[in-house]
Each structure stands twice: as C-alpha cells, then as structure tokens.
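Visitor: Before I ask anything, here is the structure I am working with.
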Amino acid sequence: MGSFLLKKAVGLSNISDLLDKSGIFYNYSTKVLPSFDYDTAGKHIAREDSTWNGKYVIGQPAEVTYSFPKWEGKFNQFGNKNPYEFNELQKEHARKSLDAWSDIANIKFTEVAVGNVDGMKASDVKTDITFGNIYDPNGTFQAYATLPNTYAYGKDLSGQAWFSDYHYAGNTTPELGNYGRLTIIHEIGHTLGLMHPGDYNAGQNVPGYLKSDYAEDSRQYTVMSYWDEYETGAHFQGAYAGAPLLHDISAMQYLYGANTTTRTGDDVYGFNSNTGIDYYTATDSNDKLIFSVWDSGGNDTFDFSGFYQDQLIDLRAGNFSDVGGLQKNVSIAQNVTIENAIGGFGNDIIHGNDADNTLIGGEGDDIIYGHSGNNTIYGGRGQDTLHGGTGSNTFIYKEIADSLVTAADKIMDFKTGIDKIDLSTLIQDTFSSKILNFVDNFTGNAGEATLSYNEVTNASELAINAYGYNYNPDFKIDIVGFVNYETDFIV
C-alpha cells in the first residue's frame with residue numbers, strides 16, 4: 001500500500017517510478033527510536049499539510065466528492081493496464097471507509113454517479129476522489145493513491161485510488177478484518193492528505209521498522225503504517241483494522257478539525273453495540289475487535305462481556321486494551337471519555353479514568369481500579385480485587401456467588417463515611433427475611449451478618465449467613481479499612 005507523492009510537476013513517464021511495488025527489503029539497525037506523542041505523531045503523518053481546501057490550509061471543514069467510474073481503455077494515466085470499475089463489494093467497503101474518516105473529522109463526502117471514462121482521462125472526472133481496479137500482469141503494485149494538490153504534466157492527478165487484483169486478489173474481496181479492507185482505508189487516507197509515518201514507499205528499498213522515524217510507526221497506532229502491530233508489542237492474530245486508529249484520528253483532525261457531532265448520546269461499543277458500525281460491534285465470542293474510539297459525548301460503555309479470554313480494559317484516553325484474546329487492539333482517542341466498562345468470562349483487569357465510572361468485572365477473578373471519580377464497582381462472580389480510588393465509591397453485590405467464603409472479594413481501599421457497600425439487591429433477591437441483621441455471633445437464623453475489624457492490620461471482614469442452614473457464613477468480603485455497619489452499607 002502507499003502513494004506517490006509529488007513535490008513538483010514531473011512528466012508522466014516519471015510517475016510510474018513513484019508507484020507502489022510489491023517487494024519490501026529489510027535493513028534492520030540497532031537505532032533507538034524516539035517516541036512521538038498523540039499530537040506529534042498526528043502532525044507527522046499529515047506533514048505535507050495537503051487538504052482538499054488547499055495546500056497548507058489546515059483545520060478547516062471540507063466537502064469532498066467521490067465516484068466509481070466505469071473505466072474503459074487499455075491504460076490509466078500512470079501506464080497501468082486494463083482499468084475497470086469497482087465491484088459492488090468494493091463499493092460497499094469504500095463507502096464504509098469514507099464514513100469512518102468523516103466520523104472523526106469535518107469531512108462531508110458526496111457520491112457522484114459517473115459513467116464510462118477512458119482510464120487515460122481519469123483526471124477529467126469531475127469528482128475529487130475516484131476509485132478503480134487494475135488488471136496488469138506486468139505491474140508490481142498492490143494499490144496506490146494520490147494526495148490532494150497533486151499535479152503533473154499539466155494535469156490535476158489528485159485523489160486517484162487504484163487497486164490491483166492481479167498482485168493481490170483480496171483487493172476485490174474486502175471484508176472487515178481482512179487486508180482488502182485495510183488497503184481501502186489506507187488508500188483513502190492518502191487521498192485525504194495522509195502520508196506514511198516514514199518517507200517510504202513499497203519498492204523503494206524500504207528499510208524496515210527499526211529505521212522508522214519514531215517508535216509508534218506500526219499498525220497498532222495507524223493504518224498508514226507498513227509495519228505490523230507486533231513491532232510495537234501488539235498482536236491482532238492475523239486480523240487488520242478496518243477504520244482509522246489512534247494516530248490517524250489525530251492526523252485527520254489536524255487537517256480538517258474534529259467532528260464534534262459524532263455520537264453525542266449514550267453509546268455502547270463491543271457487545272450490544274448501538275452504534276450501527278461494523279468495526280465497533282461484536283456479536284460472537286470469536287470476533288476480533290480492532291478500533292480506536294472517537295466519541296463526542298454522552299455516557300458511554302465498553303461492553304466486552306461476551307469474550308472468554310482474560311482481558312485488560314483501560315478507559316484512560318491514549319491507553320490500549322487487550323480485548324477478546326488480542327493484544328493492544330482497542331484504544332480511546334484523546335479528548336474522549338468512555339465512562340463504563342463490562343468485562344467478560346475471564347480474569348479481567350479493568351482501569352477506570354477521571355470520570356464517574358461504572359466498572360463491571362463479570363465472571364472470573366477480576367482486578368478493578370476506579371482511579372479518580374465517584375465510581376460504581378461491581379466485581380461480579382469470582383474472587384475479585386477491587387480498588388475504588390480517590391473518589392466516593394460504591395461496591396455492589398447482587399448474589400452470594402459474587403463473594404463466596406472460599407473465594408472472597410477484597411476491597412483494597414475502603415474509606416469509611418465516604419465509600420459504600422451496596423447489599424440491597426443481594427438482600428432482596430436472596431434473603432427470605434429481606435432484612436440484614438448484624439450480630440456478634442451467628443445463631444443459625446437467615447440474614448445474619450458479622451462485621452469485624454483488626455486495628456493492627458487495618459482490615460475488616462464482612463460475613464453473612466444468608467440462608468440460616470447452619471452457623472456458618474455463605475458470603476464474605478475482606479476489606480482494607482474500617483467499615484461502620486451503621487453508615488457504610490446500602491441495604
């Protein structure tokens with residue numbers, strides 16, 4: 001994948017030398033790469049400052065037209081043989097990819113119907129972006145596209161995106177998660193003004209990741225990279241992104257401004273998604289989610305409840321989550337707040353952020369960190385370790401299995417008079433008496449609870465005999481900190 005990038009007008013005979021080639025040559029070094037932050041990486045990917053508003057006109061909204069011409073003739077303008085029209089599946093995924101870019105930035109796309117066009121006259125098409133296929137056994141490129149403001153030989157060659165089916169048949173069968181969809185999103189990125197993170201194009205003795213301009217040049221961070229996500233410690237298990245990633249969002253918003261109308265309501269990402277967007281939606285435990293969230297408001301949720309693997313779910317902007325058995329495959333763009341997270345069947349680690357979070361562990365032995373904010377934390381079944389954080393936090397228990405005597409939860413930082421332990425659902429749904437009665441010792445009656453505190457270890461223990469079958473508790477929570485039975489419980 002790639003683009004040819006013209007600094008000045010050149011003859012058409014030279015343009016073919018600037019197109020993508022299939023060979024990539026690696027020349028690794030021991031160079032220590034600098035790290036680029038979110039803004040720096042975004043500006044670097046957009047370093048040509050080329051938009052559909054003009055060269056060096058950045059940060060302004062744009063209206064961009066596109067088309068799928070019915071190509072005719074033996075060549076396109078770059079000397080590639082047998083141009084022909086996108087098929088319907090390609091058109092579908094091109095539209096989805098365009099939507100993905102406009103989702104994050106102030107770009108309005110309008111499709112224009114275009115009829116038969118000689119490939120040698122592609123620059124005469126009156127739309128900003130044109131898509132086409134090439135069947136050229138002599139060509140060596142997989143796909144290429146031109147930036148806005150690309151001129152050569154007296155022609156405006158801006159916004160042309162060409163895809164070879166001879167050297168990569170997957171270009172004509174794009175699906176979410178495959179390389180064909182990644183290729184489309186990548187090439188559209190070029191047509192909107194994005195560069196590769198380094199000054200490389202396939203076929204130009206590409207030096208390899210270790211000679212990148214900066215450490216985050218990989219497909220963990222940007223769809224514009226040539227380098228696989230594992231170069232930076234991620235692992236997508238053979239899947240590819242189908243939408244802009246973390247640094248792509250930064251880059252495109254630098255060029256066109258942020259789309260602040262995108263998803264201002266209460267949105268769910270993952271299982272039970274209400275976004276209507278394929279790359280934000282999981283419906284099966286085998287789905288592979290790869291996305292970076294841009295969201296403009298509301299009370300929003302990461303729902304990864306349908307996955308069985310151990311997961312790391314991190315709601316802090318700029319950080320990465322390990323979701324559904326993949327590593328570092330989900331992130332949150334800067335200036336975006338996701339308030340809630342739901343874990344799955346594995347042993348999950350969940351980090352909240354500065355907002356008032358609702359954090360749900362689900363099944364498994366989970367570790368939850370509320371950080372700041374006034375959080376609601378529900379570990380769910382399993383032996384969970386719960387850190388409320390600095391705010392006023394509520395720890396919820398709904399059933400006996402949430403904290404068994406043999407696998408008790410541990411609340412690590414309880415603050416008496418500030419935090420609460422909510423047993424109301426547990427009492428109403430489990431106790432025949434519907435009442436929690438604190439006692440010094442169990443007497444065999446249902447609904448009895450004991451609460452002890454060790455001043456030396458600063459540890460409390462809540463034990464409950466829910467059913468009254470004997471003198472032993474069914475439910476227990478270990479708590480770091482003093483707990484007042486009169487004020488610290490919701491019953």
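Using the three backbone atoms N, Cα and C, a Cβ is placed for every residue, glycine included.
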Visitor: Among His196, His235, which residue does Swiss-Prot annotate as binding Zn(2+) together with His186, His190, Tyr226?
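Guide: For the Zn(2+) site that includes His186, His190, Tyr226, Swiss-Prot also lists His196.
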Visitor: Per 10 Å Cβ neighbour count, which of the binding-site residues Glu339, Asp366 ranks highest?
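Guide: That would be Asp366, with the most Cβ atoms nearby.
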Visitor: Six or more residues beyond either end and a Cβ under 8 Å away: which residues meet both conditions relative to the repeat 'Hemolysin-type calcium-binding 3' (378-395)?
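Guide: Result: 343, 347, 352, 356, 358-372, 401-404, 407-415, 418-422, 490.
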Visitor: At the level of the C-alpha atoms, what whole-angstrom distance separates His186 (Zn(2+) binding site) and Asp295 (Ca(2+) 1 binding site)?
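Guide: Roughly 22 Å, rounded to the nearest whole number.
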Visitor: If you count CB neighbours within 10 Å, which one among the binding-site residues Thr337, Asn353, Asn357 has the smallest count?
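Guide: If we count Cβ atoms within 10 Å for the binding-site residues Thr337, Asn353, Asn357, the smallest count is at Thr337.
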Visitor: Which whole-number value in Å describes the distance between the Cα atoms of Gly388 (Ca(2+) 5 binding site) and Asp366 (Ca(2+) 3 binding site)?
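Guide: Gly388 (Ca(2+) 5 binding site) to Asp366 (Ca(2+) 3 binding site), Cα-Cα distance: 13 Å.
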